[in-house]
Amino acid sequence: MSRFLICSFALVLLYPAGIDMYLVGLPRIAADLNASEAQLHIAFSVYLAGMAAAMLFAGKVADRSGRKPVAIPGAALFIIASVFCSLAETSTLFLAGRFLQGLGAGCCYVVAFAILRDTLDDRRRAKVLSLLNGITCIIPVLAPVLGHLIMLKFPWQSLFWTMATMGIAILMLSLFILKETRPAAPAASDKPRENSESLLNRFFLSRVVITTLSVSVILTFVNTSPVLLMEIMGFERGEYATIIALTAGVSMTVSFSTPFALGIFKPRTLMITSQVLFLAAGITLAVSPSHAVSLFGITLICAGFSVGFGVAMSQALGPFSLRAGVASSTLGIAQVCGSSLWIWLAAVVGIGAWNMLIGILIACSIVSLLLIMFIAPGRPVAAHEEIHHHA
């Protein structure tokens, strides 16, 4: 079992590492490529576009051909794209490399969640996804620090060679450690069950909405945090970094505590708690009389996301024993596109950073609470259908 957990965690980590590690080198990259930092900031969106494009096909291929045939090319593409970025001499080539990086990371991301669905029952999967959420919270803090240390002695290209090295490690895991977890092709008697695993299932769609809104909350916070903390609240750059590190610490602490909470409380209780924390954060930020109260509201955001997201993802994947790859892809596409669409629309309409965050917090909590209360899980999948054993 440990091999599946290690491989899944490694496959997921390519996604945040690809986002956060290169940011510290952005000024030097812009200077070397004769581009402005503003022009290269689109590299974030290009990377996410690559991930979304990968998810359009990766899930279906993983369900038909297996998890390894998607993970291995995905890791290989991430390696090649990282080297391509390091060799880029124009901003256009650099952005093309970032898109290819996103394609590779997207393939690995989809496979990671499909593997967890294949190998864990509902309760254990919720615990593991909460732990995974805690680990991914470390990356936005550690990756820029690692990038800074690398750039003290080496040029910016070394950041992408480091990513390529990570990709090589994950490729080796996928080749030699990971075993195939895709369920055997269904017998004729199982065809009705395969056909019943519809993506239009009300329960699945409700969890897609909940997780997409939750990701929109956390990405809105990440995108608006420099404006909120430095421009509006007046913190210096060093103080901003400290606050972000502390919020990541809150996220990690809550994420690592959630598996223990699942041993005491029902998953539904934790999901309701998550949305109540979002609502409390929105109200706190809306009426905050001081910076200290606002910072408390920000910690509620991190706690709310960490306590509920892993549980909601586990519930979303629960109905899909034979189509876990497609379900994982659908979740990923909805989360990436939905959150990006909200942030873009809010910017186009001219909603300020503060109101943008408050608005998504309150909308997410109200919509999600209604869905949690009125759309309950269907019939649990039987134990022999839930966990697939492999040699």
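These residue numbers are counts, starting from 1, taken along the chain as shown.
Backbone N, Cα and C atoms are what each Cβ position is placed from, and that goes for glycine too.
Because the structure is a prediction, the values reported are computed rather than measured.
Among the features that Swiss-Prot reports, transmembrane segment is placed at 4-24, 42-62, 69-89, 93-113, 131-151, 158-178, 203-222, 243-263, 269-289, 293-313, 331-351, 356-376, with the record citing sequence analysis.
Only residues 6 or more beyond the boundaries of the transmembrane segment (4-24), in the same chain, are considered here, and those with a CB under 8 A from a CB of the stretch are 43-44, 47, 51, 71, 74-75, 78, 85, 101-102, 104-106, 108-109, 111-113, 115-116, 118-119, 128, 132, 135-136, 139-140, 143-144, 146-148, 151, 156, 159-160, 162-163, 166-167, 169-170, 173-174, 177-179, 181.
Same-chain neighbours of the transmembrane segment (331-351): 45, 48, 51-52, 55-56, 106, 109-110, 113, 207-208, 211-213, 215-216, 219-220, 223, 313, 316-317, 359-360, counting only residues six or more beyond its ends whose CB sits under 8 Å from a CB of the stretch. At the 8 Å Cβ cutoff, the transmembrane segment (203-222) and the transmembrane segment (356-376) share at least 3 close pairs (sequence separation 6 or more) and count as touching.
Same-chain residues lying 6+ beyond the ends of the transmembrane segment (269-289) with a Cβ under 8 Å from its Cβ atoms: 210, 214, 217, 258, 261-262, 296-298, 300-301, 303-305, 307-309, 311-312, 315, 354, 357-358, 361-362, 364-366, 368-369, 372-373. Contacts between the transmembrane segment (158-178) and the transmembrane segment (243-263): absent, as fewer than 3 C-beta pairs lie under 8 angstroms at sequence separation of six or more.
With a cut-off of 8 Å between Cβ atoms, the residues of this chain six or more beyond the transmembrane segment (42-62) that come close are 15, 18-19, 22, 69-70, 74, 94-95, 98-107, 109-111, 114, 182, 324-330, 332-333, 336-337, 340.
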